[in-house]
Each structure stands twice: as structure tokens, then as C-alpha cells.
Amino acid sequence: MLTKFETKSNRVKGLSFHSKRPWILASLHSGVIQLWDYRIGTLIDRFDEHDGPVRGVHFHKSQPLFVSGGDDYKIKVWNYKLHRCLFTLLGHLDYIRTVQFHHEYPWIISASDDQTIRIWNWQSRTCISVLTGHNHYVMCATFHPKEDLVVSASLDQTIRVWDIGALRKKTVSPADDILRLSQMNSDFFGGVDAVVKYVLEGHDRGVNWASFHPTLPLIVSGADDRQVKIWRMNDTKAWEVDTLRGHMNNVSCVLFHARQDIIVSNSEDKSIRVWDATKRTGLQTFRREHDRFWILSAHPEMSLLAAGHDSGMIVFKLERERPAFSVSADSLFYMKDRFLRVYEYSTQKDTQLIPIRRPGSNSLNQGPRTVSFSPTENAVLVCSDIDGGSYEIYVIPKDSYGRGDTVQEAKRGIGGSAVFVARNRFAVLEKSTNQVLVKNLKNEIVKKSILPIATDAIFYAGTGNLLCRAEDRVVIFDLQQRIVLGDLLTSFVRYIVWSQDMESVALLSKHSIVIADKKLVHRCTLHETIRVKSGAWDDNGVFIYTTLTHIKYCLPNGDSGIIKTLEFPVYITKIYGNTIFCLDRDGKNCPIIIDSTEYVFKLSLLRKRYDQVMSMIRNSELCGQAMIAYLQQKGFPQVALYFVKDERTRFNLALESGNIEKALESAKKIDEKDHWYRLGLEALRQGNAGIVEYAYQRTKNFERLSFHYLITGNVDKLSKMMKIAEVKNDVMGQFHDALYLGDVQERVKILENAGHLPLAYITASVHGLQDIANRLAVELGDSVPSLPEGKKASLLMPPSPVLCAGDWPLLMVSKGIFEGGLDDTGSGAEEDYEEAADADWGEALDIGEVENTQNGDNGMVLEEDDVHEETEGGWDLEDLDLPPDAETPKIAPNARSSVFIAPNPGVPVNQIWVQKSSLAAEHAAAGNFDTAMRLLYRQLGIMNFSLLRSQFMDLHMGSHTYLRALSLAPVMSIAVERGWSESASPNVRGPPALVFNFSQLEEKLQAGYKATTAGKFSEALRHFVAILQTIPFIVVETRREVDEVKELIIIVKEYVLGLQMELKRKELTDDPVRQQELAAYFTHCRLQIPHRRLALLNAMTVCYKAQNLSTAAHFARELLETNPAAENQAKKARQVLQAAERNMRDVTPLNYDFRNPFVVCGSTYTPIYRGQKDVTCPYCSTHFVPSQKEQLCTVCELAEVGADASGLVCSPSQIR
């Protein structure tokens, strides 16, 4: 059984499949009716109006209706589109067991515990016939799929077949009056519409179910006597044919399979049984643990079955319907009806080759699963599930093409799966031992190989290679070298599809597709909600695949889309251009023509084949929101522009792609304030002063316009703006314009008119306009404002523009492929643009009349004095008398003159630095931080870059200087080179100047020594750590200096480790043993002699105080060996030795053995004795215990402990 869908719910009593959609109705014992989509496994709707269990439910074949019957004696007809019950049919007097629509007439048949069967007309909503005769509950009643018959089963132990021909004739209502008369007579005198044709007796207990065969005159029934009986009927009689025994409890439902010659029954014994209808033997049994089965339903058109049980239902298939096939060059070899057939794609000719042996056993799913073909040997491997997995090998005789009748003896073998791996070798999977057997065509073992993973299937992966599948991964295994070539984690893979060049592979799972290369390096993964069925690669490297409902495509980058909707599932075998060759479930070859425009277009964009994109835009009907969204998402708004007719969308796309002319066109058509504002912003960003001005004019944004004229230096228009502000009575605007123009008299006049006499007076007197100031002083009288004493006024005047700025200069380059090739607008945009520069502003203004206009007079007309005045004759252009046939060649409007060649931009200096260098410092100076980080990781294993942020920034900033060229131009960045001289060639670029050098580090080292001597350990530690964090960026010239840098790392590392231990010791006030150990380890750090003496003195003192006299004596001897210059140190050491000699013992044992050489772990501060395993930091070479591997080094705080690094590179001499 192949379970497709399962639900958990109350007991399911009724089931019905929809004939077209992937839906199933389940009526429950709780009174709810559920509508499920079994393809994607979701509950679509629930209908809850019945009171008590609903035992019968049925979909109408063509209308959006279904009918239900329940224990509340009601039959309800529902419309699932309206989500409600349309009407209720009342008449039955007891529980209703089954309901069914007639396939042709507007009838419903119902069976009830009131011992009757009723036929209803659902259009007139009346009962048109009552079938009486049973004398116990009627358990089911169904119409015959073709004839005018009804079969019913009852607990009175009989099955009745009823003839309803008379009812049909009555419903058709004949035109002949005589017929109608006789019909009336029969109605009056008790004539009946339905008569009992046969009563079938044979069951010993009540019969629960009876159903017709879809085409043959057969009936199958199931009863409480645990038997399934088959009955045959003819025109006159019916008789029992056979009994099928095997169920252990009441048989609740039984039916004939629509597409296979089998009977399916289920029972309260918790099993479903499958029987061979011709041999009348059991084929298979499916059991459940705790659930009794109550109902079966078959899909009217597909091989699906559904069964309802105590805790839900299952939708299942009995056998796989996928035909086994193999593609070889131009031929498809496939299995159909126990024959191997070949289909040639070029001629579309289908030929039967050889018959394939039938399986010995009778059970289901014994057909061929896979076919593998060897073209050179003309041999076929057919694999099936017989005997838990077996294969047969056939050699096709050359002369049998076209005959296909010679039965030949096949060589057989047991194996999970078998595939050809070479011309005359095939591999067989032996699951029990997890090995693969390579065999020749005589079925003899040539070689055995143990597989690298627990494999449950093998697939071909190129000559001599196998793709092995496990539960959660696939690997490619080379049979010759016995090595794994590729490995990929993936969900359970069902099918493998290789591209023709064997460079790409698609791994098909139930709900996903993984695309990988030939080494199983992952490229992309696609997820589908509906089951994936098959796939093939087309010539462009696009993977085309089918789900149950669609043909879809997957591009190399993982983008996918729908090509075509399918009415029924198909399996793709091969793709030629726009033709997809498929096999359907009946084994028929069907070529499907598809439109590949969409995915070829996307592929061309992906591969940057813009010439193809251009021609497709011109010639095909590609459009739609999805395509526009795709182009926008992929960063091609300029291409999307050519698909769009809607002006708002065009405007947005034009702005996004920076196409200011197209945006201007759309803005004119839309003509809304918001769009003009956004156009102005974009034009400002591009430095297109003309369009900025035009946009501000259209929105009447006078403040922005004035400021725009100020920064572009357009004094004439600024003075016009001031007059417009005066006309509009906009005092603030007028004042601003006067300020921008530097017109002091105008400012004084505005302040005076506005009544601000003190301000007007101060302005006039500060700017030296004494006449006006005196006049205003007279008007102010006593309230003349006094100017502050001792303060000097500064002149607030904008500088006079040297020239009026226009649009920013643009480099002349040839247009991009899309701008040039697709513009069909001609030169219209350029004309608009010309017009925009001097366009009128909504209201025209005659500046000449402004002088005479009063402030209050707003209704005036504005008109600019036009620039274009025809004062002279202009160009003298006359027509030439040319002969009529002299055709002049037309030049494309966007063709460029061949004179101008756009200059090629030079290579930036930083790029040269990066290309020429392998030094991390120089990459950081060039601003390429990512490559600098990669180099540091590769050379020194450094992974913590947060501490190096300031060094990176300093290097980059220190190797550049910045110049201001022009006031409006951006700042220019100039690279500073190391060792630059004026005599050097300008074409030869030196390395970058670096802010860190070796001498700085020596200064820091001395500072660290000084702080250590003074006992300022935290400060000393800061100096030493700073040195460690700077060394990766030091660049030196000679090999000798390189050695000095490496030596410095070791020195500094020893100090950092020692000081960290000493600081740790000072924290541990309550642990004297650990204090002694840390003091002892400090003496083993390689320090300068004075510092070592101090460390020894310190360790000696700590141990002596703790009564560890033996260890203290050791440190005293070490101290005396260093010949201390300070007498008090030597004296103290001798005193300790004398005291220790009287009592040479240690009170507490320490983890310290000075006789055994050791290094100290930089993290745990414990000794690692000679011979013990350890790992080191690749940068500072501190030793660590193995458990610290892959952790951050605690000494330098930069590198990963145990990382694989090549070593410090700090000089160009190392690279040469």
C-alpha cells in the first residue's frame, strides 16, 4: 500500500472523492463533514449541521454540490462554493445509511434503516420513488454506472437488484400522448417505477455492502458472515459465482477496482484485503493496530482508494504507476504491459522489443521499478521488488527490433538495485553486507567493494562511478580507486537526473529538488508543496521538472517558475528545444509543446547575454507584473521599463534605473506634485540643474527654486524670484532673495515696509547707508537702537558667481545595451529637456509690468522675457535641387560620431597595491579589508578582527591624503606612496606609506620593560599586548629584520603570559597552593635577567611563607646563580637556603616539578611536560593543552589555537 495522505479524526463513516479536484469528503460519527485536499494535506472546509453521525456522503460529478445523509433522518444537499446547505430532503423515518447522486439524471438515491430506498429529484426537491421490499435495515444502495439498475444490500441477508427503467422513461417525459396516457393509467392503478429484478440470497448474516463492476455484469457483496461473494447476472437471472474467505470479522465494505482486475474489501477485523478478481485468491492484506474499517471509496478516474476507520482515514494507491524507463541517445526504452518497448524521438516510432518474464508470486507492486540500458552491448537490466529486490538481464537480439515476440531466458539475481557502470559491467547492491558487486553480462562477479555509507540504493554517476543513497545523504563512489568523490547532505532522494554533459545532477526528493555539480557541490535547493514526479535537463542547462499538477523550470541560480499546467501526471524523459517528451501512467508517449520564452529570457539575463535579451524584448510578448517584479529584484529596472505601459510604474522604474529623461516624460503625463518632487530629488542627485529647476517650477516651490538659483549662481533669475515674491506679497521670501543677492538697500526697504524700523536702521547704519540711516533715525526719534560697543561688524554677502553653473559635466560614453538598443522614443526626450531649462512656471510673468504692480495685486500674469529673440536672420538654409533618386542613408538617432572615443579610466592605485602585494598591511592600507583579513587568517590564523579595527582604520587613513579641488566637486583622495621621489617614473607605483614601523615597537618594548621593573604589571601588559596587535601590520625590508620581528613576537609572548599569571596570582588571595604554583611558573618565562631575578625572589618568598621550604630553596639557588647585584636579594636567598637545610620538606604538594622540562599552557596556566600532547597558537606560538584547540588564543587574543597557518609574512623579500 502506498499511503498518499492520512488524517486523524473521529470515526469516519462516509467517503467521497471529487472527480476532478484533489479533494475528498469525510463524514464523521460526530456529525461533522470534512473537506480535505489530499494532495497538499490540508483541511479546506468543515460542514457541521447534522445532528448525530453522518453515514453517507457523495460529490456530484459536475456541479459544485455534495449530498449527505445522517442519523437525524435528514438528507442535506450542500454547495461547497457557497459553503452552505442549500436544502434538506425529509421523508425517511430512521437513520440514513448511504446517499449517492446519479451520474446523469438529477437524482439522489438513499438507503435507510426504515427498510426503504428512496430516489429523490434534487432539482424539484421531491421524492420521486420509494423502493420497498427489504424487511430489515437497508445498509447501502447504489446506481449502476451505466444502466438503469440499482443494487441494495440489507441486514435481511439479501441483495436486491432493482430495474428503474420505467422511472427514467417517466422522467424523460415522452412527447407521444398515447404513451403518456398508458403511463397515467399505470400510475392510477398502482403501476410502479422500480421493480425488483433479482433477489440474491447466499449470505448467512446481514449484508453490509454491495456494488456493481464498472463494466462487467458482476456484483460483489460483503456481509456479517465474514465472506465476500461475487455474483454474475444476465437479462433473466443472477447467480453466485464464488466466495472469498479470509476476513475475521464483519465485512463492512467491498468494491471492484476501476483500473485493475482486483477486488478491495475492508472489515471490522482492522484489515483491508486485496483479492484477484479472476483467480479469486487473496493478493495482499493491510492491517491496522487498533482501528476497525468502516467504509471504502474509489476515485472515479484515478487509481486512488480511500478507507475510513475508527480514528480517521487514509488515501492510498495499491501499486506504483510510474513506468520504468531509461533514455539512451535518441531512444527511450520503457516497460509496458510486460513488454520492453523502444521509442525513437526523431521518428516518433514506437516498437515492441521483447517480452519480460511474469513474476512468480501474486502479490502487488511486483512490476519493474527501474530499467538500465547498455547501448554498445544492447543489454537491458530490469529491476523489481520481487523477492525483496531482484534484477533480470536481457540482451536484445538485433533482429528482434520490430518483432518483439521472442521469449528469451533471462539471467536473474538478487540485489537492492542494479545499474550499468561500464559497457559490459553492471553493479548490484547487496544490502545485507552493504557492498556492491560488479558483474559481467554472464552474471559472474568480477569485483566486490564495501560501500562508504549504509546504502539503500545505487544510481549511475558516470563510467565506473556510483551515486550511493542513504537516508539523509548521497555520495559519489569511484569503484576503481574505491574513494568518495563527492558527498552531499540531502533529504531522502528518490530519483537522479544527470545533464547530458554529466556536469550537473538533479536529486529529486518527494517535495524538493537539489541541484549540484558532478562532485556533488551544492548549487541550489527548490522546495515544492506538491509532489515532484520527474525531470530532465534542456539544451540551455535549465532543469525542467514535473509535479503532480505542473511542468516547471529551475534556473542554475535557483529561480523557478511554472511553464504549463497538467491535467494528469506525466514523467519527462527527454527535452528537444520546445518539445518535452513524456510518458504518462498508461505508458503512452506524449510530446508536449511548451513556450520556453520566459525561462530563456531569465537565463539570458542571468548569463548576461544582453543581445538575446534585446531581441526577445523586441519580438516576444513578455509582460506582466511577475516579470517586472523579477527584473526589479534582479537589478534590471532599465529593462523592466520597456515592458510597462502604466505611467506610475514607468516613473518609478525610470527613477530606479536613473533614466531621468524617461522619468520626465512620465512625470509630465502624471502631473502630480509628489512625482515632480521625487523627479527633482533624483535630478539634483544627478546634477541635472535644468530638470531640477523645471520640477520646482511645476510644483511652485519658490523657496527651493531661489536656493537652487543661489547655488547655481543664476543671479538674473534670482532677482526675478525676488520680484515674484514681492508681487505675491511673500515678505519672508522677498527678504531671503535679497539676502541671497546681497542687495542691502532692498533688505532695508523690506524691513521698513514691514514696520521693523529699528532693524532697518541697524542694517542701514552697519552697511554704511548713512542717508537712509539718518532718515530712519528721524522717524524713530528717541527710540533709536544703539549699536554694541567694541564689536566689529562683518559683512554678510554671498560671493559673486564667476559663471552660472549648468548641468554637471558628464563623460561621453556609448550608451548601455538597453538604453541604446531599446529606445524607440527618438529624440523627443531631448526636446523636452531643452525646453525644461527655460520652461515657464505655471503662471507666466511679464517682468516688465512688475515695476508698476502694487503688492496687493495678486491676479497678475507672469511671463518671462524669452531668450529666443529673432533679432538677426539666423542661419541661411536653402533647399538644394537634388535629383529625386539620390537616396541618403539614414543614420540611427542614437548613433555616435566616430571622432570621439571615451577615455579608458586608469587603474586606481589601491588596486595596484592589492594586485602586487601579499602583505596584509598593504591590503589594509588600500582599503581592501576583506582580503587583508583573509591573508591574516591564512598566514597567522587570526580570527578575532574586532581588536584590530583601529589598526585597519589607521593604516587606510594614513596611506591617503585628501584634496579639495573645486567648491562644488567632491573631495579627491590621493594615495601616499612609500619612498616616493620626484625623479621616479609617474607610471611606476610604489607600495603604500604605512603608519606603523619597527622602531615604534622597540620604543613600546622599552616602555613595557620599565613598567615591569616598577611593578606596574597592568600597564606593562597593555604595552606588550599592543605590540602583539601591531606586529601583523609591520613591513620590513631585509631578511635580518624579518628575523628580528619574529624574535620580538617570542619575547613579548613570554612577558604577556608571565604578567597574566602574576596578575591572576594576585587575585587568588584565598588559595595559597595555586598562588605558589603561578609564582613558580612565572620563573619559567624567558624574561630579561633583572625581571627573572624579581620573579625568582617573588616565588621564593611566597613558597617560604607557605612552609614549602624545599621548593623555596630551589628558587634561592636559581637566584644566586644569576649573581644579583643588589646585596639584599643575595642575602635573603642565603638566609632561605640556611633555613631550608635544617628542614628540607614541603608542607603542601604543588603541581610543579622543576627537574622535568615543561612549558606553561596559556589558558589553564598548568605545566605541559615534555612528551605530553599540546597545540600551539599559529601566531604567538604559545602552547596549550589539546582541549583548547579551535579556541581563541588567550595570550595574543587574535589567533585560533591549532589553526593551520603558513607563517608571518612581513617583508617583500619573503615573497620574492
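Cβ coordinates come from backbone N, Cα and C, glycine included.
Bear in mind that the values here come from a model prediction, so they are computed numbers and not experimental data.
Positions annotated as repeat 'WD' by TrEMBL: 47-88, 89-130, 131-164, 200-241, 244-285. Positions annotated as domain 'COPA/B second beta-propeller' by TrEMBL: 340-584. Look at TrEMBL and you will find 625-770 tagged as domain 'COPA/B TPR'. According to TrEMBL, the domain 'Coatomer alpha subunit C-terminal' annotation covers 815-1216. According to TrEMBL, the coiled coil annotation covers 1116-1143.
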For the domain 'COPA/B TPR' (625-770), the number of residues DSSP places in helix, strand and coil: 114 helix, 0 strand, 32 coil
Tertiary contacts of the repeat 'WD' (47-88) (same chain, 6+ residues out, Cβ under 8 Å): 13-19, 23, 25-33, 35, 94-101, 103, 108, 110-112, 120, 122, 125, 300
For the repeat 'WD' (244-285), distant same-chain residues with Cβ under 8 A (at least six beyond the ends): 1, 205, 208-209, 211-214, 218, 220-224, 226-230, 291-296, 298-301, 303, 305, 307, 309, 318-319, 362-364
Secondary structure content, the repeat 'WD' (131-164) (per DSSP, counts of residues): 0 helix, 20 strand, 14 coil
Distal contacts, the coiled coil (1116-1143) - CB-CB under 8 A, six or more residues away: 1083, 1089, 1092-1093, 1096-1097, 1100, 1104, 1109-1110
Cβ contacts under 8 Å made by the repeat 'WD' (131-164) with residues that lie 6+ beyond its boundaries: 94-95, 97-98, 100, 102-103, 107, 109-113, 115-119, 193-201, 203-212, 214-215, 219, 221, 223-224, 231, 233, 238
DSSP residue counts for the repeat 'WD' (47-88), split into helix, strand and coil: 0 helix, 23 strand, 19 coil
